[in-house]
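Novice: Once you've had a glance at the structure underneath, I'll fire off some questions.
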Ligand SMILES: Nc1ncnc2c1ncn2[C@@H]1O[C@H](COP(=O)(O)OP(=O)(O)OP(=O)(O)O)[C@@H](O)[C@H]1O
Ligand SMILES: [Mg+2]
């Protein structure tokens, strides 16, 4: 028999043997992998430049018009911020349930019901309250509306096992047409050329925080909401519970978590975010409830959530960027004549490249081997 | 040195996970047509090494030779092309698909399927191996032993002649093991080579031609099975003598901590699993539940733990009716610990770290959180202490539970369920996948708990284990307790009759 010697207790660690240059190279590579989304965006912008060229435009001029329009001056930034608010809130509506493993495809519907409830409270709650309380009631009604609409697919999922992707999506259509029907039948301003409601009282209009712009405080509330959600997931038992359900529902039951209740609460919380977006559109921007007022914020929220890799903080950045593209598109069309649909193509390509990026993951071992291999030839010198 | 040509040889294999050496200069030669056993403690690096041969991991250094020719195996497909197949420790199949579909799934170079033809060839192959398998049955309806045979069938269908089996017997019941070994013998006589990982030394002595013992990522011995014995193997594995029999004092029995009366419950498929089961466990005793797997053991454990609803009957824990309490309340208020049978699906959140898993059932309580606010520093220190006390081999408590070796995952659950000195402890197959040292440790810990006054319900299909730790045995058959007897009166014959429902 051949017994090979006992293992030495202190195994040599490879990191000690690795030369310094190698370690620096490896951290750079790791960092490059962390910026994956940025590369995806750049790749989309480069491909977009070719599209602009094809359409007979000058890419540099188009992009400078786009980015100047969105980010370069006071008014551009304020418009971008205003646009960011619903995108950010809609992305939170997707992220929260998704952490529990649930797909909320119906943020759009939750936005509409939020806007409807908020409008009703603004127009029909007697004006006896101090106006700041009335404003808070309007905002609260929006959140409540979104939450209630979100609870329907959640309850169907929890108690009947119905697929929430389908129900939440279909309920979106129900919501959009419900708002349309209510407007037509009841809420529409008499004599209006298009279905929209009366204007809300001046006292209920959200204050702005950048003077002479439309930047209403809803933007700040949206950012604050993202921060709060981030803290919830990082620091609270609620966040950990939701995450455990998302990871492994069986283990969650074993842990004593009420999976049904968490299904309901994560959807309700998400729906409330979308409802806020609806309320702010009415109270901060349009001052009325319009039929078909959302240009698809709900679906764009999915894009933002995806770009942000489900991080609430990342969503702030992603929403700001996407809002900038959308705002800048108008400026680009005005100065260079390139159609705003170009930006939609750009958005699509960004999603595509980010999705492609998911296929590339950082494998520390693999890269340490490669780096070591690169260094060998130079070591002889 | 070797007379028989080598089927596969590993030379100087090194594999690190971020600085941690899971395999450290490992060399092994597996002879053509042999059964080669790999032994080693939990976390010794056995699965890692096998994953390297199968192309799932790339070694940092070292060579692999297949039939003397140096090869690079970058993925399982290349391994398959070299005739290498593997059945994983926790294998995965598509539950809703049939046997045929599962076997065919992922076959390379097959843009168009001809399932009818595959089905016929599978029937032939199964017959040749003596498998009694219906190729049209959906996977979920098969017992786990059958599912494992489908995995083996899958490999042979792909013409694998080197089979790597990672702890295949840990999912089998004792009655399935004999036929499984017969199968291995037949495969060996047909010229196939088998690499077998197991923690059971007598299995090694029975089946293997040659044994490699690993410890801390290294090979400590390469021995002919005929030249060694269980005791020596255990010592090589653990690095010290393992005493196989535990010393025990007579139990000091107190008042009942678990009273189950006329319990009725169904399984996932709605079939009756418990048919009016009654049982009592008193403080300070270990009651073993013996029985052939699938007679209601799992449902019994889950119903007591609150994971499954009983349709009739009551469960009293420490004198209180527990029927309306959820699993966490039972743990906290009635002081009941529960080690579930399926550690990966039920017992752990594999995507979270070790620290969180140590408080999986208590993170919403002080001191780990206050008013909904989590104290991660407390969770971390707590986890470090437990990991040290229960000898969890890991890189740190921030490591994901998924990346731990199977046995160390089990230790986390045991640590969590035993540490707060429960009054009642339900343990289901607690030693599944543990190495001899760890089994020894678990049994000692359970006995220490019993001496402290905990009542323990110990569910296992391993009779030997039950005879070693239990004070009293209750035999379960068809969802009912068909006999109770003190361990001193339990003989394998008598238990055998009870377990098959042939004696009352
Ligand atoms: N993907 C991974 N990332 C980090 N560490 C890992 C990974 N896979 C394995 N390890 C570590 O490598 C060591 C060896 O693990 P391995 O699964 O090979 O052990 P094992 O011998 O199969 O043990 P067991 O008998 O418990 O199954 C363990 O300490 C484990 O924590
Ligand atoms: Mg293993």
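Keep in mind that glycine also has a Cβ here, set from the backbone N, Cα and C atoms.
I grabbed these lines from TrEMBL:
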- A:33-54: transmembrane segment (TRANSMEM)
- A:74-98: transmembrane segment (TRANSMEM)
- A:110-126: transmembrane segment (TRANSMEM)
- A:132-156: transmembrane segment (TRANSMEM)
- A:168-187: transmembrane segment (TRANSMEM)
- A:215-233: transmembrane segment (TRANSMEM)
- A:302-325: transmembrane segment (TRANSMEM)
- A:345-362: transmembrane segment (TRANSMEM)
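If you look at the structure here, what lies around each of the features I listed?
Specialist: Long-range contacts of the transmembrane segment (A:110-126) within its own chain (CB-CB distance under 8 A, at least 6 residues past either end) are made by residues 86, 90, 93, 134, 137-139, 141-150, 172, 175-176, 178-179, 182, 187, 197-198, 200-201, 204, 270-271, 274-279, 281-283, 288-289, 293-294, 297-298.
Only residues 6 or more beyond the boundaries of the transmembrane segment (A:215-233), in the same chain, are considered here, and those with a CB under 8 A from a CB of the stretch are 78, 81-82, 84-86, 88-89, 92, 95-96, 99, 139, 206-209, 239, 242-243, 273, 276-277, 279-280, 283-285, 311-313, 315-316.
Outside the transmembrane segment (A:345-362), and at least 6 residues removed from its termini, the chain residues within Cβ reach (under 8 Å) are 29-30, 33-34, 36-37, 39-41, 43-45, 47-48, 51, 303, 306-307, 322, 325.
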Novice: Cβ pairs under 8 Å with the transmembrane segment (A:74-98): which stretch of A:33-54, A:132-156, A:168-187, A:302-325 has the most?
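Specialist: Comparing A:33-54, A:132-156, A:168-187, A:302-325: A:302-325 has the most Cβ pairs near the transmembrane segment (A:74-98).
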